[in-house]
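Here is the structure we will look at.
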Amino acid sequence: SVSLSFFGALGSSYLYGYSLSVVNAPSLFIKTFYNKTWQERYGEPIRADMVTTLWSITVSIFAIGGLLGALCVTLLMKVLGRKGTLLLNNSFAMISALLLALGEKAGSFEMLIIGRFIMGVDSGISLSALPMYLGEIAPRQVRGFIGQFNSILICLGVFTGQVLGLPELLGQEARWNFLFAFQALPALLQLCVLPFLPESPRFLLMERRDEAGAEKAFRDFLGKEDVSKELEEVHAESRAQNTMRMASITELLLNPAVRWQVVTVVVTMACYQLCGLNAIWYYTNGILRDSGFAENVIPYVVLSTGAVETLAAIVSGLVIERVGRRPLLLFGFTAMAFFFGLLTVFLNFQHQYLWMPYLSFICILGVIASFCSGPGGIPFVLTGELFEQSYRPAAFMIAGVVNWLSNFAVGLVFPFMQVSALQTNAFLVFMVVCVLGAVYLHFILPETKNRTFLDISQSFAKINKVPLPDKEMENTSFIQCIFVNKKGLDQLYNRIKLLME
């Protein structure tokens, strides 16, 4: 499952992380290209405000594409399945890489903008399809660990973008288009490997009614012949559901039995973006300059942020099955609030003491490590764990919409917060968000470690004020399930044997 998860994430979440950081190094070169292209087209230099506008569109349209991808993902997964959706998504990454890499040669800044938009669509699809795929293929004993591959590969993608953007590598005026061409490589690799990996067995069994295919997929994923226990777990979840039809967004939002699961996903996804990590990147270079670092040294020091991010995500993946989801989330948000408070104090005094900017940079590393220890990946794991099969696609669509709208809001609002009366005190806003998120999760979120999807769903029954599934009704559904099963008496024998054990 580990190697399968790695290749699943390589062309998906890895590319999302890479896309977040890849635009930083060549930003000045791209603006120069915009100016040159404008001059050639219209015979006059581009206005400074127009360059800023074009650059802002180039960066922010990524989030608009992500929102569109999140809105499309449910339909794609229904038609193509989890694996099929990830395969199709590689075509968006390759088209985007082509447009971004050739935009300069073609003298078209429109190609760069469209390329970023398409890459956003790719990311919007992958951040929903991949966590769902990983959650459904993983045994419950390691579901959190496997799910954290999404976060680990995002961090690794960010770090790769920082490394390749160094002046000695591709961060040069003559090479910046190769930074974008690199996007095609992980997509191409996944396109070669993913067709040989199985489809999600839960999808095959519960949505396609393909028991033979699901049994084979379980055997491939788990590496063992006897998968009757895993099949029975899926059948138990199927029997507990009133319908096998996939729920719509409206049905999910109006169903009182999943009300607090929906609220929890919305809160965790909103906090994932609004907790201020994206805003941290705005301050890092400025703090390093104030610390006395030379301009040509700053890119190498910034690498430490990517390294810390990746290391924290790996450690989180290794301990998540021992510690649990809930403690890691609570620790992450609480620690972020603590470091944001310290950072605000240090920023307000950084011009009075020569050593104060160094403390500010340590706080930045603390915020990044705290984020990646839990809040950076677990919200995607939770979205897959809190819902049964029929609600899961709609839940991921809601999570994706909240994620990308919050992402867009931070990019839109934070620059104004910087120049407003808040200035360095802007981080107090993010501190409040982290505290509120931690308080909510402390009182509402149950631990989901090593529990079946059915158990997790039933743990919300009390707070949702709905009765637990009636055992007699469940047994009735079981009898009905036996008679409609294609394997007839053989299936009946296997089920009775499992119940006797």
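For all residues, glycine too, the Cβ spot is worked out from N, Cα and C.
TrEMBL annotations:
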type: DOMAIN; residues: 5-449; note: domain 'Major facilitator superfamily (MFS) profile'
type: TRANSMEM; residues: 15-34; note: transmembrane segment
type: TRANSMEM; residues: 54-77; note: transmembrane segment
type: TRANSMEM; residues: 84-102; note: transmembrane segment
type: TRANSMEM; residues: 114-133; note: transmembrane segment
type: TRANSMEM; residues: 145-164; note: transmembrane segment
type: TRANSMEM; residues: 176-197; note: transmembrane segment
type: TRANSMEM; residues: 262-283; note: transmembrane segment
type: TRANSMEM; residues: 298-320; note: transmembrane segment
type: TRANSMEM; residues: 327-349; note: transmembrane segment
type: TRANSMEM; residues: 355-382; note: transmembrane segment
type: TRANSMEM; residues: 394-414; note: transmembrane segment
type: TRANSMEM; residues: 426-445; note: transmembrane segment
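Contact between the transmembrane segment (84-102) and the transmembrane segment (355-382) is not supported: fewer than 3 Cβ pairs lie under 8 Å, counting only residues 6 or more apart in sequence. Confidence for the domain 'Major facilitator superfamily (MFS) profile' (5-449), expressed as mean pLDDT, is 86.
Sequence-distant residue pairs (6 or more apart) of the transmembrane segment (54-77) and the transmembrane segment (394-414) include at least 3 whose Cβ atoms are under 8 Å, placing the two stretches in contact. Within its own chain, the transmembrane segment (15-34) has Cβ neighbours under 8 Å at 46, 51, 54-55, 58-59, 62, 93, 104, 109, 112, 116, 119-120, 122-123, 126-127, 153-162, 164-166, 170-173, 176, 179-180, 182-183, 186-187, 281, 299, 306, counting only residues six or more beyond its boundaries. As a quick check, the transmembrane segment (114-133) and the transmembrane segment (298-320) miss the bar of 3 or more Cβ pairs under 8 A, pairs 6 or more apart, so the two do not touch. Between the transmembrane segment (327-349) and the stretches 145-164, 262-283, 298-320, the greatest number of Cβ pairs separated by less than 8 Å involves 262-283. Sequence-remote contacts of a segment are chain residues at least 6 beyond its ends whose Cβ falls under 8 Å from one of its Cβ atoms, and for the transmembrane segment (426-445) they are 260, 263-264, 267-268, 271, 274-276, 279, 325-326, 329-330, 333-334, 336-337, 340-341, 343-344, 347, 375, 382, 414, 417-418, 420, 463.
The list of residues near the transmembrane segment (298-320) in space but at least 6 beyond its ends in sequence, with Cβ under 8 angstroms from a Cβ of it, reads 21, 25, 144-145, 148-149, 151-152, 154-156, 158-159, 162-163, 165-167, 171, 284-285, 288-289, 328, 364-365, 368-374, 376-378, 449. When Cβ-Cβ distances below 8 Å are used as the criterion, the transmembrane segment (355-382) is approached by residues 127, 131, 135, 143-144, 147-148, 150-152, 154-155, 264-265, 268-269, 271-272, 275-277, 280, 283-284, 287-288, 290-292, 304-305, 308-313, 315-317, 320, 325, 328-333, 335-336, 338-340, 342-343, 346-347, 349, 399, 437, 445, 448 of the same chain, each at least six residues removed from its ends.
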